[in-house]
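Student: In case it's useful when we look at the structure, here is the feature table from TrEMBL:
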- 26-267: domain 'Aminotransferase class V' (DOMAIN)
- LYS191: N6-(pyridoxal phosphate)lysine (MOD_RES)
- ARG342: substrate binding site (BINDING)
Amino acid sequence: MIRKTRLFTPGPTPLLPAAQFAMAAADIHHRTPEFRALFTRVLSQLKDFVGTKNDVIILSSSGTGAMEAAVSNLTSPGDRVLVLTAGKFGERWSALTKAFGCHVDVIEKPYGQTFDLAEVKAALKLETRAVFVQATESSTAVRHDVQAIAKLLRDEKSEALLVVDAITGLGTTHLDMDAWGVDVLIGGSQKAVMMPPGLSYIAISQRAWDRMESTYNPRYYFDLRKERKNAAKGESAYTPPVSLIAALGASLDYIAGQAEGNLAEGRKKLVDNAETCAAMTRAAVEAMGLKLFAPKGYEAAAATAILPPEGTDSGILVKGLKTKFAAIVTDGQGEMKGHLFRIAHIGFFDYLDTIAIIGALEQVIASAKLPLPNFEFGKGLIAAQKVFADRVK
Ligand SMILES: *Cc1c(COP(=O)(O)O)cnc(C)c1O
């Protein structure tokens, strides 16, 4: 049969056609009124998408560049910081803060878990200058409770800035940066905004801008204050990825279009969409006899992490979906390789995509003869159908 290649990965995610067309048409110079109008409009849309009144800065880099910018701009060598990690991306915060000479306290939970607030409270020192966490840990498909962590910092009257990698959290989970008191929120282009990799964005609170006046870790290309000055004039400090900025504008228009032009409402619809795809997938795989990796109530809507039957390498399912259906799902990362696989719901996924990947998974399970005693064709699909019918009227 024909096999159409389809991504079911939590970044890169499937591309929005309108974003691709916008890229193709974006041959404008970046020091012109045309570009300044585009950049200014996209920066303002981005604030509505993130859901903040704070300035949002666009950087030419994948998401990790914005993570690095947060560390290099907000810390000085020797600063005491607290990293909360329970997966591959949490480990990146540890590595980055160490690379910039911070004195790093780490709360490390096993992959697949989240943090105990009492432990966070105990680890928080008077001198802690910043706390780093993920909104959703993409490697395990677990959601961390950013709101509770933010509240804890405020209740403790902590001076620590809260820096959140929301690269797969934005557009898949409710985040209220300003009301919760989050200082930095980071996003990336190849995730919820349905466009190619290469652009990151970072929303920054006034407290965090103030902090930058006194920090002195080295920075040059990723100098956020310099970018802010330029952004106020509709420009970036260096040559920006013009085509990606045009794509972002088109994607944000599309998201706004889901709610009659209201981007904040469109964002809610996008979150709801991911939640529905995720709920369908969870119900389906459980009906097939597979187990979920995330603890109940903390499943990320960005992706679902699924455990294969005991003794089965998850790579069999990843490979089976690829060879039989050209459907790309991801295996576990790092120490989880072979132990789980992940199906994404972040960005441009719909009902048909979700039903299709569930049907394909049933085919692969059946032909691989996985040891699932109660498995039967259609059980997963029926469960997903019921979830959809309940949620979407
Ligand atoms: C994708 C992702 C990143 C960024 O990775 P890049 O490859 O640099 O774009 C960071 N954190 C999380 C949670 C992610 O999912």
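Backbone N, Cα and C define each Cβ position, glycine as well.
Just so you know, TrEMBL annotations never went through curation; they're auto-generated.
Walk me through the surroundings of each of these features.
Tutor: Secondary structure at LYS191 (N6-(pyridoxal phosphate)lysine), taken from DSSP and collapsed to helix, strand or coil, is coil.
Residues within less than 8 Å, Cβ to Cβ, of ARG342 (substrate binding site) and separated from it by at least 6 positions along the same chain comprise THR9, PRO10, SER138, ALA141, ALA303, THR304, ALA305, ILE306, VAL329, THR330, ASP331, GLY332.
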Student: Including all protein chains displayed, how many Cβ atoms other than that of LYS191 (N6-(pyridoxal phosphate)lysine) lie within 10 Å of its Cβ?
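Tutor: A 10 Å sphere around the Cβ of LYS191 (N6-(pyridoxal phosphate)lysine) contains 27 other Cβ atoms.
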